Amino acid sequence: MKRNNLTLWLAAIPVYAFLYIPLIVVVVYSFNDSRLNAEWVGFTLDWYYKLFNNGEMLLAARNSLIIAITASLLATVLGTMAGLAIHRYRLKVLPILAFTPIAMPEILLGVSLLLFFLQVLNLTLGMVSIIIAHTTFCIGFVAIIVRARLQGMDDSIFEAARDLGATPWQTFRLITLPLIMPAVAAGALMSFTLSIDDFVITFFTKGVGEPILPIQIYTMIKISVTPEVNAISTLLMLLTLALIILANRLDAGALRGE
Amino acid sequence: MNRLRLTRWLVSLPPTLFLLLFFVVPSLLMIVTSFRYPGEFGGLAPLSVPATGLAEEGSGLYGLTLETYRFFFSDILYAEIFLKSFAVATATTLICLVMAYPVAMLIARSAKKYRNLMVLLVVLPFASNFLIRIYAWMIILGPESTFSHLINSVLDVLGLEPVMLLFSPFAVLVGTVYVHLPFMILPLYTNLEKHDPVLLDAAQDLGANRWQRFWRVTWPQSLPGVFSGSALVFIPVLGMFAIPDILGGTGDILIGNLIKDQFLGTRDWPFGSTLSIMLTLAVLSVAGLATWFARSRTASSN
């Protein structure tokens, strides 16, 4: 058994290294005093100064924050409803509607929404279309987390509340919501992370107006690779890391399990 | 009773309506669009006979057609790109499987108190922005990078021509494997964690060596995890466009790139929709196959 584990360690350590080395390289070069991401020259914070003086980038960050906050709020409300409904009422259609957008390649949702916004709604693509698109794929994630929480609970407490004369609204406000709150919060944080990171669906529903963070990064990568990209990447990594730790503390089981 | 029914509607109706409007309707619209004619200047030709006066301006085409589907099947190029996408997805899935298995096995066999931490370490990099993870490989595989210099000096010693690592099919594979590896590790680990170690002890007592224990005890039991992990890797890779777009060369075009070009480049919406529907069909058949395999395995082992 011991020797077996040693072989596994020898095979697993390179995989862990493969997962982390690229991210470490990005962070290290964000402090490198050279335009080229090739060799270490010396320590600098120039790329961060440049970043904070880049008006377009700041505007993009602000827009992405607005989108992520709005979309995650919408998705949390609708996704919590969906999670509750799927758990309680043995629905046939809603689970398919909520979970299929997660399982399909993102490009399909992006393209069909692009057609829909332009043809049916005659909507000028921009912040509103991106918010709708992000909400659509985040609902399923919130529903999964909320449902997992409900599945781990004893349904008889809800029956007890009803037997004691609580209205459905009272039951929800006083019993259900406090109990599922960690899952709701974890779902909200996960939606926020998914929204602020999403590139593919944003790419198709963005239009030509306002700058958006992932699109801005994409353009920078395609045109010229400068360590400014490393700087924004490092900051985004810190943000996601903080959110994940927060979500994990809120609902230890919900993000990992089921 | 009425109140309960009202509650049921109040809770399930808003998400259902939202998803009907923004998921089902757009999907149906995509199907309809695939049967239409492209407009002369991008977009779509009118669905019904154009009003007089406008008719002369347009191409004169309107209504529904199977033209885009005929076009799809008439040019071998599209079949080739679909095949290439399947090949990339298959290669990515296999490489992910080989890399993920030892990690998942190690986590499953570690002491309980370390397991969550080891899983978190797998998930953490995958939580950073998708573009950043691809960008990282642009740096590592770039022509001036330490890694490129190392590879090329080895090739030089061997008397071979230097290679360009970035903008190649190799770079695309590295990117797809890197982005999707956690999707393979997690379901594998969830499966392996449930195995009863008593079975391995029994096999050992009966004289099975390590390889026999793996191939005849662990591997067959892990197949449901292998199938769900493979589906989680294969399906998104099949529709990928950003990784070939950023890490690949001009020739490394997959279905996703083709679809992107139809909507944002040449603006041929009907053909773009047809390609999207073909991709959907491919995804559905792969998902169906994976579910079927996983089910038949679970059924036969019970």
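Heads up, residue numbers simply count up from 1 along the chain you see.
In case you wondered, yes, glycine gets a Cβ from its N, Cα and C as well.
Outside the transmembrane segment (B:12-32), and at least 6 residues removed from its termini, the chain residues within Cβ reach (under 8 Å) are 273, 276-277. Annotated transmembrane segment per TrEMBL: B:12-32 (among others), in sequence order.
Here TrEMBL flags B:81-107 (among others) as transmembrane segment.
TrEMBL lists B:82-290 with the feature domain 'ABC transmembrane type-1'.
Feature annotation from TrEMBL assigns transmembrane segment to B:119-143 (among others). Long-range contacts of the transmembrane segment (B:119-143) within its own chain (CB-CB distance under 8 A, at least 6 residues past either end) are made by residues 103, 107, 164-166, 171, 174-175, 178-179, 181-182, 185-186, 189, 242-243, 246-247.
Annotation comment: TrEMBL describes B:163-186 (among others) as transmembrane segment. Same-chain residues lying 6+ beyond the ends of the transmembrane segment (B:163-186) with a Cβ under 8 Å from its Cβ atoms: 88-89, 91-93, 95-97, 99-100, 103-104, 107, 119, 122-123, 125-126, 130, 133-134, 137-138, 141-143, 147-148, 151-152, 155, 229-230, 232-233, 236-237, 240, 243-244, 246-249, 252.
Residues or ranges marked as transmembrane segment in TrEMBL: B:223-243 (among others).
Here TrEMBL flags B:271-294 (among others) as transmembrane segment.
Proximity of distant same-chain residues to the transmembrane segment (B:223-243), defined by a Cβ-Cβ separation under 8 Å and at least 6 residues beyond the stretch ends, is recorded for 85-86, 88-90, 92-93, 96-97, 100, 104, 130-131, 134, 172, 175-176, 179-180, 183-192, 254-257, 259-260, 279, 282-283, 286-287, 290-291, 293-294, 297-298. When Cβ-Cβ distances below 8 Å are used as the criterion, the transmembrane segment (B:271-294) is approached by residues 30-31, 33-34, 38, 68-69, 71-72, 78, 82, 86, 223-224, 227-228, 230-231, 234-235, 238-239, 255-256, 258-259, 262-263 of the same chain, each at least six residues removed from its ends.
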